[in-house]
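Enquirer: Here it is, the structure in full.
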């Protein structure tokens, strides 16, 4: 009985002691939490105040730096910027569409378009035409071989841009299934009934134009020869007059000594009578002196002795 009583008393004492320890632990935990919260609040408050001070100092420094930059910028001369000219629109890279007159001249008509629409790749691939050896020295310009004549080359260039079916056929067939030369030979054989009148008309116009240019060149040549002949005749007519004046030295001497008194054949002979009279007086005086010398030889001798 005593043992049981003691055990109960010990258990009650232990329970009481445990409650006291728990209450004390809870009290200490609460105090610790309060202290921690208080410390955290203080730390947070101090951190916030430090941050505000740092931000204020940074703002102050930034304002000071901005003022210095503004002061320096006001002292620098501002260069005048010329106005930017308007940029013209960039033209599109696509080639301009050929006009209807040019298409008509090179045989690209509505009938040809309708005929081409009925073609297929098999039309070209199965056409009974043997392949010929490739001519390596024939150049290719604008995707068209230059072994075609002038009209055919221009027609091929236009038809590639105006008729999409032909461009598609050529892209799929050349050079995988056939050579470029064979493709255009087959094409022109297929459309010959549509293009032949336009091709013949083109070369007839070139022939007529060449004949007109030939006639014009011959006419210009004949006119040039005539003008040269006229110039030569004028030179020939001027040459004798120059030689005639230069082959008479006595006349030149008279002109030099007395002046060109008779250069004008058609003008009146003004002053010739007075000059003739002077010459007559000179001749008369010389005649008298000669007569006196003949009649008085002694006087002459006396004069010589003196």
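Using N, Cα and C of the backbone, Cβ positions are placed for all residues, glycine too.
Whatever TrEMBL says is automated annotation, not expert-curated.
Positions annotated as domain 'BSD' by TrEMBL: 150-195. According to TrEMBL, the region 'Disordered' annotation covers 214-306. Taken from TrEMBL, the feature compositional bias 'Low complexity' applies to 220-232. Per TrEMBL, compositional bias 'Acidic residues' is recorded for 262-280. Residues or ranges marked as compositional bias 'Basic and acidic residues' in TrEMBL: 293-306.
Give me the lay of the land around each of these features.
Expert: In the domain 'BSD' (150-195), helix, strand and coil residues by DSSP number 38 helix, 0 strand, 8 coil.
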Enquirer: For the domain 'BSD' (150-195), what's the mean pLDDT in this predicted model?
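Expert: The predicted confidence over the domain 'BSD' (150-195), as a mean pLDDT, is 93.
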Enquirer: DSSP-wise, what's the residue breakdown of the compositional bias 'Low complexity' (220-232) into helix, strand and coil?
Expert: 13 helix, 0 strand, 0 coil
